[in-house]
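What TrEMBL says about this one:
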DOMAIN    25-313  domain 'Sugar phosphate transporter'
TRANSMEM  20-41  transmembrane segment
TRANSMEM  61-80  transmembrane segment
TRANSMEM  92-118  transmembrane segment
TRANSMEM  145-163  transmembrane segment
TRANSMEM  170-190  transmembrane segment
TRANSMEM  210-228  transmembrane segment
TRANSMEM  240-262  transmembrane segment
TRANSMEM  282-312  transmembrane segment
Amino acid sequence: MTQLLNTVTIAEKRMEDGLYSFRAIAFLVLWYFFSGCTLFLNKYILSYLKVDPTVLGTSQMIMTTICGFIQLYIPCGMYQQPIHRSKRPPNFYIHMSLVGCTRFITVLLGLISLNYVAVSFTETIKSSAPIFTVFISKLLLGEQTGLLVSLSLVPIMVGLTLCSSNEISFNILGFIAALATNFTECLQNVYSKMLISGDKFKYTPAELQYYTSLASIIIQIPASLVLVDIKFAINNTSLYILFLFILNGIFFHFQSITAYVLMDYISPVTYSVANTVKRAFLIWMSVILFGNSITLLSGLGTIIVIAGVVIYNKVKQYDMNRQLTIEFDKTRLTSPFKIRTI
């Protein structure tokens, strides 16, 4: 009982400290770093080496499965191994399979998008994730969105329209793939957050990484046999490309697991704001590294999208605080304990 209370206290302390915690800042920096490494290496492999997106996606899942299995037993300081925990729930593998399916679809669609449009454009599209999160959270968690929050989504959609209509590298297939990636990624994030923050059974970052990657591979291998010319892929995979697959898979593994670890330290709102800053950083890093040309309106659209997401997060936080105040007032008014006046 004492251990349970200590665990709760530690969890509450982590959420309270947020990004003021050194470990949280460290994992935030690592998340940014590995996200950038994965994204730019993806673009290089797809656009310059002309590798099939399905082959690259499969290699990423294989590497995350291997690395995830290792981290089940060697946490590498990312999380504490649970000493006493309840038995796995009967639907454990169902949860892992569902997240694994969404991971497979997200990775594949994201790579297809990168194959057709610039990194800056793909990341700008992904900045509209809150729009999808609102609908998915309502469907899965029953969360209601206030009027102010809904209105704050307008700048995001306006900025997105400017980016897509004026982007020099615009491609309809890449645009659709990027939007679809947004939906599946938001679905995966909401579901993963629900599992990693569970009360009865709390999944560790390594468990989420390993089991979902394993489930993804089970689905991905048959899909690869249908979508990929295996003989052609093997003949065109040099030792250099194989090395890049391994390196890219390691980057992708650490990008995913540092994000899971970070979720344990900060609130969803703070995580979303951090993700927005990461998007902005990656957009302009891609412009510098790849020399992508953007129009004035496209640049303006990028700024509007990022500003819109920041406004959305602020309004969302205000709306949540207002709801908590209303609930507190209701509880106080309906409390059975009355103040006795003399």
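From the backbone N, Cα and C atoms, a Cβ is placed for every residue, glycine too.
Listed by sequence, the residues of this chain that lie at least six past the ends of the transmembrane segment (20-41) yet keep a Cβ under 8 A from its Cβ atoms are 14, 78, 114, 119, 123, 244, 247-248, 251-252, 254-255, 258-259, 261-262, 265-266, 274, 278, 281-282, 285-286, 289.
For the transmembrane segment (61-80), the neighbouring stretch richest in Cβ pairs under 8 Å, chosen from 92-118, 170-190, 210-228, 282-312, is 210-228.
Residues 39, 42-43, 46-47, 53-54, 56-57, 60-61, 125, 167-171, 173-175, 177-178, 180-181, 184-185, 187-188, 191-192, 195, 201, 208, 211-216, 218-220, 223, 286, 290, 292 of the same chain lie 6 or more positions beyond the ends of the transmembrane segment (92-118) yet place their CB under 8 Å from a CB of it.
Tertiary proximity for the transmembrane segment (170-190) is limited to same-chain residues at least six positions away from its ends with a CB under 8 Å from its CB atoms, namely 99, 102-103, 105-106, 109-110, 112-117, 121-122, 125-126, 128-129, 132-133, 136-137, 140-141, 164.
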